[in-house]
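Lifted from TrEMBL, the feature list:
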COMPBIAS  1-12  compositional bias 'Low complexity'
REGION    1-27  region 'Disordered'
DOMAIN    133-225  domain 'Copper amine oxidase N3-terminal'
DOMAIN    282-695  domain 'Copper amine oxidase catalytic'
ACT_SITE  Asp359  active site, proton acceptor
MOD_RES   Tyr444  2',4',5'-topaquinone
Amino acid sequence: MAPVAVESAPVVPANPPQIKQAPSAHPLDPLSADEITGLSAAVRQYVATQTPIKAFKYIGAETVLPPKRDVLAYLGIRTSPGSEPDPYVEVSRKADVDIIDVITGHSWIIHLSFKESEWVVDGTEQLPEGQMPQLSVNELIEAEQIVRNDERVKKLCADVGVGPDQIYADGWSLGYDERFSKKLRLQQCLLYARFGEDENIYAHPLDFIPVIDSNAKKVIHIDFPSHPKSGLHTASADYSTQPPNLEVTCDRGRIPPPKMKHEYLADHLDTANAPREPLKPLHVIQPEGVSFKMSGNILEWQQWKMHIGFTAREGVVLGTVTYNDAGEVRPVFYRMSCAEMVVPYGSPDHPHPRKFAFDVGEYGMGVQANELSLGCDCLGTIHYLPGHFIGHDGNTVTIKNAICIHEEDAGLLWKHTDYRPGGRSQSVRSRKLVISIICTVANYEYAFYWNFYLDGTVELETRLTGILNVYTLAEGEQATFGTQVAPRINAQYHQHLFSIRVDPMVDGINNTVIESDIKPYPYATGSAENYAGNGFISVDTPVTEASGREYSHETDRRWRIVNRSRTHYSSGLPVAYSVGIGGATRGLLAQPESWVRERAGFATKSLWVVPSDEATSGGRRWPAGRHVPQTRTQPKDSVVEWTKNGESVDDKDILLFLTVGVNHVPRPEDWPVMPTEHLRIVFKPIGFFKANPALDVKAPVDERSRNAFPAGDIGTGAVVEHTNGNGSTQASTSCGCS
């Protein structure tokens, strides 16, 4: 889309009329389509009448988080055990809009408030040189056309047999490259060829990487990655991974793209050889409807109640999560989201080290959310919530089915059989409520599933799929720092490191993190204290100062969030929720002082605990800083900096940033599209409830379940009639009591 040209707009009166709007129904509601329209109009009129800006493009718009205590007072949620909620207060609605002056390249934040049914500009903030908002969807799409229009790019493609209409590009933020001015808004374009309609472009990677100026909309440089073991280099200089001067031209022979097809679309697959027999239908049916209730963005299911939000940057956001414990509404979490992630690649050959995308801070998960399909992305009886964000021209872009809400069977909830003759058994099935979003970031798909269970457990399951980022190999060249997943296609080693922001309020807003290590009892076998030598203990250490914590496999280290103002009636320990990330912890593998460590310090620790500080710019929301593209050092508003003063986090309003991830050494089986990889974080109650909170879950018999092969232990899975209940042949164990 074209930038907004304010100099050619109609004359705007000094006090232009505003679009009237109704107030938001909930203080944490995401921006609606009408609100974005109102924000856009207010910004456009302000810029035209109050600034010298001649042309600009909208980049982003989002609400400013209101004060936590005000929100809890508004909703009637108490802030400490046994207390009454704070007196009701109205919560003001504020928003920030990011724009870029396309003539000067300067970035601005426009601060607005909603007052008397209209948005009003409160002030503006010009960002320092080198700071800029995330890349927009428009800019990522424009990157492809910019390289297609460049004469040098077309010539280089023609040299290896690729026509202008066959050029495709994935725009990535430049990342880190000191050869270019900080004030330029740059993308590196990973190039591919498409030789047929809807063909998999990633099967045909090209051998050079243009760098474009997104504001000027032109190619400013072209990098030619090294192939040190290919024999193609002609320069006499010793091989080095150091970036060459911008004046240095390509010193190696050209490499045509691989031509072999590797397809994944069903109508493009070659199924002539032993096609798979289709699966028989498996239907998810809820004949009486769903068990959850929705009121706008408020969800209630069983004992859970929460707000479901959406931001252009984080995607799905959960807020004000409470649990109704026998009539007592108990707060558990105030806000939870994926606040950042980084994907560093492992090849040191220039320019591959620039490939460490911050998929949240540089691009935004929300703006790249999929329009989910009923019966495919989400199965069963579904409710969807939309996502809205602002386009370059200020108009609202709507993803109608951005967030999926549904229920799933979750296997066995609990079971016991008294094995003695005549003993009884009880078997209860679990169910989970699933809130999900699927985001496509260039070649990769990230699917986030927030799962709520009947026993008080909360789980974030992240699924990774999509297509590997690949680069071409010369004929006969072997893959280095990667796997040759197909002839001449190198899938480089990489990591996916997520930062999950958790704002806890376990029975109130003042909490403490306890670090626990499981250790052998420190007395020798044969001693009076440990004669058999079998003893082991859990050693608790409170985290009292803001810091980063490391996971320890040796001691099976775990953490829990406690509220010391309330204890369990039997154990005497503070009520708590555990933070289970042991199986998902990964550390950043790059060297100290590496480019990626300088920018992604959050990925160097398994857990960060910092005090909440709503007065700071951004409210400590972004672990790699608010403005991520092209940073060269650790920003001052990042989680590493927030820990440097050792502020107290003992019985305080705290924030947790959890670092979890995957080390991806690609397999040939990951090609041409990757089977889903699973990553889980689990939050479990520890002494939060008196006993198992799922004891009262009913155990109905599923009347539709049947034997697959009623005639014996073999068969073809034919549909047969059956009975279940009175008169049926029951197994020795059944749902309910027997």
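We count from 1, first residue shown onward.
Every residue, even glycine, has its Cβ placed from backbone N, Cα and C.
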State the mean pLDDT for the domain 'Copper amine oxidase catalytic' (282-695).
97
Would you count the other C-beta atoms found within 10 angstroms of the C-beta of Tyr444 (2',4',5'-topaquinone) for me?
18
Work out how many Å separate Tyr444 (2',4',5'-topaquinone) and Asp359 (active site, proton acceptor) at their Cα atoms, rounded off.
10
Non-local Cβ contacts of Asp359 (active site, proton acceptor) (under 8 Å, 6 or more apart, same chain)?
Met341, Val342, Val343, Met365, Cys439, Val441, Tyr444, Tyr446
How would DSSP class Tyr444 (2',4',5'-topaquinone) in three states?
strand
Which of the three DSSP states, helix, strand or coil, fits Asp359 (active site, proton acceptor)?
helix
How many of the residues that make up the domain 'Copper amine oxidase N3-terminal' (133-225) does DSSP mark as helix, as strand and as coil?
28 helix, 27 strand, 38 coil
